[in-house]
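Residues annotated as N-acetylmethionine in Swiss-Prot: MET1. Per Swiss-Prot, region 'Disordered' is recorded for 96-182. The compositional bias 'Basic and acidic residues' feature in Swiss-Prot is assigned to 116-127, 143-169. As annotated by Swiss-Prot, compositional bias 'Low complexity' applies to 128-139. The phosphoserine feature in Swiss-Prot is assigned to SER174. The feature ATP binding site is assigned by Swiss-Prot to GLY248, PRO249, PRO250, GLY251, THR252, GLY253, LYS254, THR255.
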Amino acid sequence: MNLAEICDNAKKGREYALLGNYDSSMVYYQGVIQQIQRHCQSIRDPAVKGKWQQVRQELLEEYEQVKSIVSTLESFKIEKPPDFPVSCQDEPFRDPAVWPPPVPAEHRAPPQIRRPNREVRPLRKEMAGVGARGPVGRAHPISKSEKPSASRDKDCRARGRDDKGRKNMQDGASDGEIPKFDGAGYDKDLVEALERDIVSRNPSIHWDDIADLEEAKKLLREAVVLPMWMPDFFKGIRRPWKGVLMVGPPGTGKTMLAKAVATECGTTFFNVSSSTLTSKYRGESEKLVRLLFEMARFYAPTTIFIDEIDSICSRRGTSDEHEASRRVKSELLVQMDGVGGALENDDPSKMVMVLAATNFPWDIDEALRRRLEKRIYIPLPTAKGRAELLKISLREVELDPDIRLEDIAEKIEGYSGADITNVCRDASLMAMRRRINGLSPEEIRALSKEELQMPVTRGDFELALKKIAKSVSAADLEKYEKWMVEFGSA
């Protein structure tokens, strides 16, 4: 009997039950229960046989629970069909015969027994008609409708207060609260999704948290940070750049650079991916793009970071391009071109900077490449950068006195920033792995924190380097350098 097959069938039965595929789950449960039954017949040891029977009993209980769920769902299917035809048959007879006669009758308005919005409007028309006839009949209807008119006045005052509050929020004059974007004309769910999933204010990433990349930091300061500090200087031909494209292999710190820009500027940071700006409904993706840029202008100064922009704005006109994808690209290009134009006459400090990152710059559309006026290369870390990155990654870990980070930095040449972080993480776990080797779960739980806080040694790094290889090849680096020679704009 294959024990691995028994475990696999039990696991699949539980997974299918969690996913709601109860029929498949019941099949796996039946199979594993029969397998355990056959396995128990071949066991001679009573203690082991008792444990297997206990496991079989637990699986039987789970199987019964799944069966009860299936029977409950089946009962819903049986009970629902007769309910709907009854209601559908009742409504056609009730609506034309009962409701139409009282609706045109205007005698129900004066008693004011109920006060829905439907009855308030006829009352206003009656009062206007009475006033037109003469002042004689004015006292009687007014005395009967004092309370509704008072409630309307209160509603109007409350509405006025809400409008004033909204204006104050937009002007930033309320009591230190963050202004709220008014998504009039857009679906409320779309606005809430962008607010919830994209907007992150004051990300806590600073320049010092990023090792090396001094040239990239310098250019980003000039393109984004300095126009915020010197708005009077960056005007006319010196206007801020519309967009910056960061090109480089994966794991070199492009996303962290964008977050550092948002932190140093004190701007609102929009982190956008292809899943954020796509929808299965026709025309909704373009609305999301337009809504994103309108929200960015509202929360200005703003940094819009579009990660993996090649997945959104690949080349147009290819044979496999879909119409919906083309419309999204067109809307994005229009909005990006409109960022500078919309802000030329506004306060220069209220700018919207578009940062983009990609690992495949050769797939980007030509029109988008023109709008991203600065195109900078984010390379692999240098020897100095690798040593700095090791210090940043290991600042919370105790190191052995014999470790020299410069020697380790020489051994990890060709590693990206993400690769180096993985090496540091794996090396910092080596001491813990040695300490818990051979211990039972109870003994592991009983270990104190001091026993696990052991220094990282040189041998730990050597073991980690044997397990983790670099993720970027020399051929990839050559492609990036060739593209930068042709299209770079640093």
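Note that Cβ sites are derived from N, Cα and C of the backbone, with glycine treated the same way.
If you draw a 10 Å sphere around the CB of THR255 (ATP binding site), it holds 16 other CB atoms from the protein chains shown. Annotated ATP site GLY248, PRO249, PRO250, GLY251, THR252, GLY253, LYS254, THR255; additional same-chain residues within 8 Å of its Cβ mean position, judged by their own Cβ, are MET246, ALA357, ASN359, ILE378, SER416, GLY417, ALA418. With a cut-off of 8 Å between CB atoms and residues at least 6 apart in sequence, the same chain places MET246, GLY248, ASP307, ALA357, ILE378 near LYS254 (ATP binding site), listed in sequence order.
Comparing the binding-site residues PRO250, GLY253 by how many other C-beta atoms lie within 10 angstroms of each C-beta, the top residue is GLY253.
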